[in-house]
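Before any comments, here is the structure.
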């Protein structure tokens, strides 16, 4: 019996035989060719066949996983139509008289290396897209079949170096009980897909493929990030009991689907969900979400080759508002730049894009893009309970300017006879430390705050959470972070305004009792975290949590805070 430690990417426990998803031999040799025109035609044919396959995979992903996951394959299809990739391959075939496989390998390797060297998560994901697409096209050129996980017909746990988006989208939930990989993290494509499919997964083990043989029994514990190879009968029994306990826990959570979120001493807080597309609303309602606390509208702009029209945006916003049936929907205006780029929007190359031209800064300069989105939102406002918030606000003047543009567009629509809701709350994200420090000034201008802890933490601690060498400094429970959060909540409440939180911290079991004690009004998280959080809050006393507020805020280290919370609220 052996044990590997990785990252629990999708909760649950699975026990089954290992199925190694072997990488095909796609060794490419350089060959000189005499008929470059015929070779270019061979390349075009491989591209066409790859597009056909991806269209089918995209259709399957849309049906099984929803629009945002299908959009991954829209991005792949864009790569297969991108002249910046295809033209250099064809030029290399013609100029160097080399075979298509070699020309593709050389060109794609150059792009992958370039993208992976960027300090930008979005561009790193594009490198993964190019690798995935290149593998598929190369397979067609070599006549090598690419493994198809949808053909698996017995209960297995997949073992792979990594799973591409194409692999994961083709997993058959009936037979694939879980998977484990050598590489990857919680935010990798495969991890996100696993959570959508509710398949237990452990990624980043570093040694799964080097240790696990085909057919051996494997346990995947996606809750704790453990992989047990060839377990004893006693260990199998132990994990079967853990699996049953997890299912019982899920059943307990399910009882609270239609219940409000109320603490042990009767205090109500709102549990909301973060979404990226209209299809995500289904998960919000199935998990008992009381609101949408963050609608990330940038997904409307990604995976396509041009800006979405006003009508396309209107349809998306209207759909979300209608499906939420009067429950609050907080829409964040376009947050592009930093780790999210648009291929059709020529953003300047910056030394540090996270501190550069992004989000509201871009929108205030590219006003036609901003105004189009605001018009679509205003037109949709009569179909539900819409709230609008601006991201990455750094100064009071930025907020005032953004709100003034919103009011200008509202006035134009009303004059044109368009119905617009009269009670749209307008708020802002708190992601920049300077904003938290003068939250009392912002509180006079806004209707609400939403604290984006992911960025607030990394800006406050000067630590990129994606950089493994400094990730130890990404500390949600650091007293400095907790004091900033307190400044925001106290400033808002003094002005009679409410405060939400839409970063990962909002659904964290260590953070929840702290945030309850600090007075947070709305906790917005992934939909699958809502019921566990509701269960936890129902067992907490707000009065007790408040009584420890000063003690926690007077602590000096993260470790001290965590130890106290674990001991006090165990």
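Placement of Cβ uses the backbone N, Cα and C atoms for every residue, glycine included.
Quantities reported herein were computed from a predicted structural model and do not represent experimental measurements.
If you look up Swiss-Prot, you'll see 189 marked as active site, tele-phosphohistidine intermediate, on the strength of similarity to another entry.
Taking Cβ-Cβ distances under 8 Å and a sequence separation of 6 or more, the neighbours of residue 502 (active site, proton donor) in its chain are 272, 274, 293, 294, 330, 429, 450, 451, 452, 524, 525. The active site, proton donor annotation in Swiss-Prot covers 502.
Sequence annotations record features per position, and here Swiss-Prot assigns phosphoenolpyruvate binding site to 296, 332, 454, 455, 465 based on similarity to another entry.
The Mg(2+) binding site annotation in Swiss-Prot covers 431, 455. Residue 431 (Mg(2+) binding site) falls within neither a helix nor a strand when secondary structure is assigned with DSSP, and so counts as coil. Within its own chain, residue 431 (Mg(2+) binding site) has 391, 392, 451, 452, 455, 456, 459 as residues 6 or more apart in sequence whose C-beta sits under 8 angstroms from its own.
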Original post:
For the binding-site residues listed here (296, 332), which one has the lowest count of neighbouring CB atoms within 10 Å of its own CB?
Top reply: 296
